[in-house]
Amino acid sequence: MTATSPGDPFEQDLLPSPPGATAALLRSLLAPMRARVALTTTVLLLQQAAVQVGPLLVAYAIDRAVPAFRDHRYGPLIAVGAGCLLCALLSGGLQMAFVRQTARVSQDVLLDLRGRIFRHAQALSIDFHERYTSGRLISRSTTDVESLRELMEDGLQELVTVVLSFVYISAMLLWLDLGLGAVAVGSFVPLYFLIRLYQRRAGRVFRARSTAIAAVIVKFVETMNGIRPVRAFRREAANDAAFAALNRAHERTNGDSLLEMARYVVGSRLVANTAVAGIVLWGAYRVADGSLELGVLAAAVLYLRRLYDPIDRLGMFLNSYQSAAASLEKIAGLLARTPSVPEPVTPRELPPPRDGFPGREVTFDGVRFAYGTGGEVLPRFDLTLPAGQTVAVVGSTGAGKSTLAKLLARFYDPTEGRVLLDGVDLRDLPTAELRRGVVMVTQEAFLFSGTVADNIAIGRPDASRAEIERAAKVIGAHEFISTLPDGYDTDVRKRGGRISAGQRQLVAFARALLADPAVLILDEATSSLDIPGERAVQRAMSTVLRGRTAVVVAHRLSTVEIADRVLVMADGRVVEDGRPAELVAGAGRFADLHKAWRDSLV
Ligand SMILES: Nc1ncnc2c1ncn2[C@@H]1O[C@H](COP(=O)(O)OP(=O)(O)OP(=O)(O)O)[C@@H](O)[C@H]1O
Ligand SMILES: [Mg+2]
């Protein structure tokens, strides 16, 4: 498991987001809704136009309508009133349309994105998952997607509103009075630099914050996944301390971001208020000397308030933009990963099976293999298993038995050389063929939520209940399943605690049998069974394995009795290879192992 420290550099090291990946992702997400984005923008343009007419009406009222009213001409003032009402109705209605549109667009984008993350993560190879951990994936598809939602639903609206009102208001001010307008527009220069500064500093803080919250989630998930060893080794106090440290680190980054925000707000208000004060003073002076109408000054001041009001909100937008950008970068990094065990470009079919004989020939042809960063586990491996042969693989811990099994199941591809199934490279087999061809049962015997029957049928979802029960009976799982509260329909998650490790292995066996593969790999698959249970499975094995090619990795030598051939592995090499009886009679390692095992039985 990966140790996680505050500000974990792991994420950046492991998944540098390729340049341009973030922008490309954003484009691909928005491309299908170009029309709706355009419609939304139009609605907002109209809405802003309706909003920004207000102060103009005020100027007209003060300078024209009120004097007319004094002369008993009521028309202009009534027109102003009607205009105000119309603008209010229009802007309200358009606002509603806009909010509905953005909500729909953002919901569709998020739906698409979550689906992509899930599909992509599921398609990535085992070596990726060994390093990336589920906690990180969870934080990608929850907090990171969520921050994108915030940006799209609130932030983007803020930004567009702010930018539009800047444009509208600047135009209005310049049109009302060139001088006053120029002062207002001039104040954008310091504001621009302030925003740039904030963006740079907040960007750093936000990236740190998003990494910190991911670290909190990773620690949480890892601890709860490993709750049994946590309890067994009394790790609670140590975990509490580690979690508290991560939590504090997250809190610190939160504080940092608030501080940046506060600096920005204070700075921008300072600029805004200075500009308003300047305009009011200069405007009042010009009203006094008659070069400016009072109504125009009133409208200018109203516009200025509207101009600077949203600047705080612009800060908010930058906040959600920064955190969404950090999140999007991570999601893009994840989506840019390519499976290290890819689907073939030009798939090849397996030759048709021989009549009534499911097994296929397995060949390791000059295979060398190393896990990611580690040293070579299989130095150079050549092996041929004829179709239908049952091979037992034994050897000390770390000898490379599971590695051999995983290469055969194509969890990984060899660093060099080929693994062949009836002469076809596993890399050329389409996934569906590979799944039918090779099935591996491991020690873990993982059960998914659902019923016992669902779990058995995973390798062949179209299997009938009778077929499921037959598989369970052959394996010897039927008895315990019948004693469950709802038999085959018992929900394993609800009753999960009651299904023992050995019973889980029986279910996993039944699952493999039902899948009916050409090559069956059992890696310590009987390790949790008791002696009678293992005996029962072994008896069943002769039926299950008949005609199939089988690789059985086992520490308990009793398993070896069903094998046609035994391979003894040490340091990634086959050191002995022969029929069980020959090896037992010989003077090699297997003979020693077997003798020791015999002695232990009596
Ligand atoms: N996912 C992995 N990443 C890096 N190294 C690994 C990985 N899995 C195994 N190894 C290394 O590869 C070597 C062979 O491991 P393997 O699991 O094949 O041994 P094994 O023979 O199955 O042992 P055991 O009997 O304990 O199951 C070991 O040195 C192990 O440390
Ligand atoms: Mg192993």
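Each Cβ is built from the backbone N, Cα and C atoms, and glycine gets one as well.
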Stated TrEMBL location of transmembrane segment, expressed as one of 164-181, 182-199, 506-523: 182-199
Of the residue ranges 74-94, 284-304, the one that TrEMBL records as transmembrane segment: 74-94
The domain 'ABC transporter' (362-596) [mean pLDDT, rounded to integer]: 86
Cβ contacts under 8 Å made by the transmembrane segment (182-199) with residues that lie 6+ beyond its boundaries: 166, 169-170, 173-174, 260, 263-264, 267-268, 271-272, 274-275, 278-279, 282, 300, 303-304, 307, 311, 314-315, 318, 322
